[in-house]
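J.: Following this message is one structure expressed as structure tokens.
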Amino acid sequence: MIYKTIVEGTTKVSVPVPPPDATFPPSAAPVFYNPEMELNRDINVAATAAFVERLLAKKELLREEVRYVDAFSASGIRGLRIAGEVGIHATMNDWSPEAFELIKENSKINGLEENTLATRKSANVLLHEQKYHIVDIDPFGTPAPFLDAASASVRGMLSVTATDTAPLCGAHLKAGIRKYASVPLNTEYHSEMGLRVLLGACARELAKHEKGMLPLLSHVTRHYVRTYLEVLPGTKQTDRTLKSMGFSIHCPKCGFRGPVYGLAVHIEKECPVCGSFTQIAGPLWLGPFREQAFCDEVISELEMHPLNTKDKAKKIITFCRDELDIPMFYDQHVICKELGASATGIEILIEALKAHGFEASRTHFSGTSFRTDAPITEIKEIIRALSW
């Protein structure tokens, strides 16, 4: 295997380069490095740094006492960046013997042997054995089989990536039900559906360990969902968290959507707007998927670090911060297609909604999506008026 040196942030690592005549996809290599996830890792550095500052502000821990684990490390790039750029101890785990050796080599390259630990174990075994302040689950595919062990291990922040967006978003319905014990719907807001299904799964797994959660930052970018959750121990926090769980109603005929809070609820099957039969998604997370103050802290950390994707990262976090806390978003183009109307600039539509007395904002999910508390009938009337 040929290796090359790459640089992310201030961290250098040696990563394998599959031969040009390889008959397997890059993800099937003995050690997988994905350059497309640099943005994810840049945001991870800033978000982890922001959370560590919160931990240190409580004056219960020293920086050298904070423990972070990357349960699926491959080359070690994610954990090494946390150790070197955030300055806390990082455990990097991978079951692959090739990855285990490469992690140790890359630790030496960065002079981080004293601040890191390489382990070669099943992720679930390691997480059931050890407690960590920050647990990072970034597997290839679904994180579902590892959420229980991660919930048992975590003491401060749980960071989770999911790349199985088809099951999460409803494109592969049965797989989504099997993995997440939730019914997703493949709607125009399927990306938000996937995020809320994942958050709901995390909330339910944490609840089994009498832990609640506060979503600090969540985003859907390219082919993956990523979330950072502050973990709050105790039954009161757990019960408070579960109050943000529920179901989402969707009318495929008129576009109505609305939340129903609670895990044991009666849901009317008829759409309150047009009387058609509705579809039901859930259980899923209906609460905010980010904390505005934390977003500001992450943006500040992004400014302080030399990052290749800084501008893209800041744009994503800013959009997340400024979104309304109203599930689920609307897509202007979908509504315009239904009405046979011409689309205007998204900012023009948002200002028109506000002028009519409604709340409205853009979202980070797409350039044509928006949130509002306006009823679907009012949204359509405003779009019709703007298209003339």
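One is the number of the first residue shown, and numbering goes on along the chain from there.
Using the three backbone atoms N, Cα and C, a Cβ is placed for every residue, glycine included.
Copied straight from Swiss-Prot:
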BINDING   ARG41, ARG78, ASP94, ALA123  S-adenosyl-L-methionine binding site
BINDING   CYS251, CYS254, CYS271, CYS274  Zn(2+) binding site
DOMAIN    4-383  domain 'Trm1 methyltransferase'
J.: Provide, as an integer number of angstrom, the distance between the C-alpha atoms of CYS254 (Zn(2+) binding site) and ARG41 (S-adenosyl-L-methionine binding site).
T.: 40
J.: Summarise the model's confidence over the domain 'Trm1 methyltransferase' (4-383) as a mean pLDDT value.
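T.: In the predicted model, the domain 'Trm1 methyltransferase' (4-383) has a mean pLDDT of 96.
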J.: Only counting partners 6 or more residues apart, tell me which same-chain residues put their Cβ under 8 Å from the Cβ of ARG41 (S-adenosyl-L-methionine binding site).
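T.: GLU8, GLY9, ILE77, ARG78, ARG81 - these are the non-local Cβ neighbours of ARG41 (S-adenosyl-L-methionine binding site), listed in sequence order.
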J.: So which one is it: of the binding-site residues CYS254, CYS271, CYS274, which has the fewest other Cβ atoms within 10 Å?
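T.: Output over binding-site residues CYS254, CYS271, CYS274: least Cβ neighbours within 10 Å is CYS274.
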J.: Which residues, in sequence order, are found in the same chain with Cβ within 8 Å of the centroid defined by the Cβ atoms of CYS251, CYS254, CYS271, CYS274 at the Zn(2+) site, excluding those residues themselves?
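T.: Near the Zn(2+) site, beyond CYS251, CYS254, CYS271, CYS274, sit PRO252, LYS253, GLY255, PHE256, PRO272, VAL273, GLY275, SER276, THR278, ILE376.
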J.: Between the binding-site residues ALA123, CYS251, whose Cβ has more other Cβ atoms within 10 Å than any of the rest?
T.: ALA123
J.: Restricting the comparison to the binding-site residues CYS251, CYS271, CYS274, which residue's C-alpha is spatially nearest the C-alpha of ALA123 (S-adenosyl-L-methionine binding site)?
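T.: When the Cα distances are compared, CYS251 comes out closest.
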J.: Just the number: how many Å between the Cα atoms of CYS274 (Zn(2+) binding site) and ASP94 (S-adenosyl-L-methionine binding site)?
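T.: Just about 53 Å between their Cα atoms.
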J.: Starting from the Cβ of ARG78 (S-adenosyl-L-methionine binding site), draw a 10 Å sphere and report how many other Cβ atoms land inside it.
T.: 26
